[in-house]
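Chemist: After the structure tokens below, expect a handful of questions from me.
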Amino acid sequence: MANTAFTEAKTHYERFGVDVEEAFKTLANVPISVHCWQGDDITGFEVAQNELSGGIDVTGNYPGKARNGDELRADLDQALALIPGKHRVNLHAIYAETDGEDIDRDAIEPKHFEKWVAWAKERGLGLDFNPTVFAHPKAEDGLTLSHPDPEVREFWINHCKASRKIAAYFGEQLGTPSLVNIWVPDGYKDVPSDRLTPRKRLKESLDEIFTESYDESLVLDAVESKLFGIGSEAYVVGSHEFYLSYAQQNKKLCLLDSGHFHPTETVSNKLSSLLLFNERVALHVSRPVRWDSDHVVTFDDELREIAHEIVRSDALERVNIGLDFFDASINRVAAWTIGTRNTVKALLYALLEPSDYLKNLQEQGNFTERLALLEEFKTYPFGAIWDEYCLRQQVPVKESWLTDIQQYEEAVQSKRV
Ligand code: RNT
Ligand code: ZN
């Protein structure tokens, strides 16, 4: 039975023709791809444990991080139980389970992900994938697919090919296409004397990786750009222009990470342009804070604006929404819960906007009412609608999920020493 706060809140939105029940239905079918790497600080399960590299860093040492596949899956189960809706899980190649065998990245196979697939199948989850082109001796100098040494390039090309094969296996087994996202750290700390040659090599490497074609019902290929990283402050080979052009020319998905641009350059303002020229767009929803691109996603202006843009463009089915943050200073399961709940919450917030009405105001040049309403809607009783959605999706309402996390921490995570 709907509570009175919800019934009352609904009437405010209905005055502008917003159908709240319809918004609930729509939202329930929007999967967010939850990144597994928040659960263990991008450590992975490789036998040869390499230090994280590639200009990304995880800070903090909150106790209880997952140490193997079973623990990571248990943690994901806990987080997913607190997040409304049906979602996906995004894996990295370093999460292969090789039974103690030291298998290098170019030799990973679908069978090393059997446990993930069985787990996902049981829960009806889709799986996405990423080659791990960092944290490896062959990526020590910060160059991989654009490396001057053909042998190094070859190794990473083979790793990316192996990754696409694994994704095809996911797609086949789970009946939903697996998004394979290629991100490489390649770049220079200081001013390059040649920007073109590494980009030319990256382009050739990608061409080689994509020679094998997979049906789009199995694999969706994406490429992710970056402006700078730690150690690649002056130049990143795979810049936005590079991948935007590459994706366009080769019919791949351009993946925009919201932490990978200048501080005032927003992904929300890029989406409509990309959607005009591409069938699909992929996202890494993240939160940049000064030099870091990967803080836990909060319900901030940019997150809401991204959600608004997807909804206003009627593109919920054309945007692969994934998350990318890692924080080891707080409970990692809570980090997932907070960031993913916020992303779902922002989509609901956007679905409650009377966008036809507001679009019309703009067309008429009525900017006074446009601004007035956009501001007034900010304090509409959204909380009651969100609570009702959580209730109907049978997940904890408001902050009550924290109790679940506290219990889980005590019963499970604190025992991991
Ligand atoms: C790095 C990219 C990349 C990684 C993950 C772990 O800046 O955003 O997506 O964060 O692949
Ligand atoms: Zn990313």
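Using the three backbone atoms N, Cα and C, a Cβ is placed for every residue, glycine included.
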Chemist: Need a hand: TrEMBL gives ASP292, ASP294 for Mn(2+), which of HIS260, HIS262, HIS308 is also on that list?
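Modeler: Mn(2+) site check in TrEMBL: besides ASP292, ASP294, the record includes HIS260 out of HIS260, HIS262, HIS308.
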Chemist: Out of these binding-site residues, ASP292, ASP294, which one has the fewest other C-beta atoms within 10 Å of its own C-beta?
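Modeler: Comparing Cβ neighbours within 10 Å for the binding-site residues ASP292, ASP294, ASP292 has the fewest.
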Chemist: Would you list the other residues of this chain near Mn(2+) - those whose C-beta lies within 8 angstroms of the C-beta centroid of HIS260, ASP292, ASP294 - in sequence order?
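Modeler: Going along the sequence, the neighbours come out as ILE56, ASP257, GLY259, SER286, ARG287, PRO288, VAL289, SER293, HIS295, ASP324, PHE325.
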Chemist: Going along the chain, which residues six or more apart from HIS260 (Mn(2+) binding site) have their CB under 8 A from its CB?
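Modeler: In sequence order, GLU224, SER225, LYS226, LEU227, HIS240, HIS284, PRO288, SER293 meet the Cβ cut-off.
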Chemist: What does DSSP call HIS260 (Mn(2+) binding site) in the simple three-state scheme?
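Modeler: The residue in question, HIS260 (Mn(2+) binding site), is coil (DSSP, three-state).
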